[in-house]
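Please find one structure pasted underneath; my questions will follow.
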Amino acid sequence: HFFPLGNIIAKREAQEVTQFAIEVGFRHIDCAHVYQNEEQFGQAIRSKIADGTVKREDIFYTSKLWLTSIRQELVQPTLEKSLKTLQLDYVNLYIIHFPLAVKIGNIQGGELFPKDENGKLITDSVDLCHTWEALEKCKDTGLTKSIGVSNFNHKQLEKILNKLGVKYKPICNQVECHPYLNQRKLLDFCKSHDIVLVLSISEFPSRVNLDLPVLLEYPVICAIANKHKQTPALVALCYQIQRGVVVLAKSCNKKRIKENIQVFDFELTPEDMKAIDGINRNIRYYEFL
């Protein structure tokens, strides 16, 4: 699957751009409660089903459980709320957005990032294994077809995999991943457990370190792009697909959305792949400190 837009798309753009992406061939749509635009994504999907462009079974829709709903008793009601917003009967994949819980306590208004008087997140102590049990129940009841995680390291994954009585293992782990942070060790670990690694862009632009080098201007990427007569962006995406990573790429630009789906029109050589492997610098653009 290949994702057209998604993370933090403004509400005013979400419906139109999603409809366009479906029209040009995209089928995997990745969203989350925290993005605050699931209503528009649901409208777009339903409109494309209504006009005959796709059937519901053609669309692979992912939603995510936010930090404020990590407690076991909140998981199913939170998913049900997302489904009501989407006006869909099920999601294809439901994942834990971060291995971190924050307290909602008496916080009013449903803040996404409840903070104390010092501006720090009010964290909570929650056993992720209990959260996982609640996700398993969501799968059993048909609210989601599959369940997975996001931003987990290998030790956090092992905690779920080694849980006594685990019924379903995570189908995927969605993390920041790009040639500067190729996640080779985590990718190998996930492959050894039949867990799909999903490439995610940085989700909150305000948290991205703008002092870091621009990946798509790196000489190796640009040289390979020139050789194949492709854009640096397509080379970076193709690199991930050929190493078995599911790609999520965000764009509101219709020209780039059409361009992104052309990633399947060419292949990188083993030499190209080795050269891109060589530029890994363990750089994170996104740090959720």
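One-based numbering along the chain as shown.
Cβ coordinates come from backbone N, Cα and C, glycine included.
Grabbed the feature section from TrEMBL, which reads as follows:
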ACT_SITE  TYR35  active site, proton donor
BINDING   HIS97  substrate binding site
DOMAIN    9-198  domain 'NADP-dependent oxidoreductase'
DOMAIN    219-280  domain 'NADP-dependent oxidoreductase'
SITE      LYS64  site 'Lowers pKa of active site Tyr'
Counting across all protein chains shown, how many other Cβ atoms sit within 10 Å of the Cβ of HIS97 (substrate binding site)?
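A count of 20.
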Once the chains shown are all counted, how many other Cβ atoms turn up within 10 Å of the Cβ of LYS64 (site 'Lowers pKa of active site Tyr')?
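Here the count is 25.
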Give me the Cα-Cα distance between LYS64 (site 'Lowers pKa of active site Tyr') and the residue listed as 'substrate binding site', rounded to a whole Å.
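Roughly 5 Å, rounded to the nearest whole number.
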Determine the mean pLDDT over the domain 'NADP-dependent oxidoreductase' (219-280), rounding to the nearest whole number.
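Mean pLDDT across the domain 'NADP-dependent oxidoreductase' (219-280) comes out at 94.
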For a three-state summary based on DSSP, what are the helix, strand and coil counts in the domain 'NADP-dependent oxidoreductase' (219-280)?
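Each residue of the domain 'NADP-dependent oxidoreductase' (219-280) counted once, the result is 41 helix, 3 strand, 18 coil.
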Give the distance between the Cα atoms of the residue listed as 'substrate binding site' and the residue listed as 'active site, proton donor', rounded to the nearest whole Å.
11
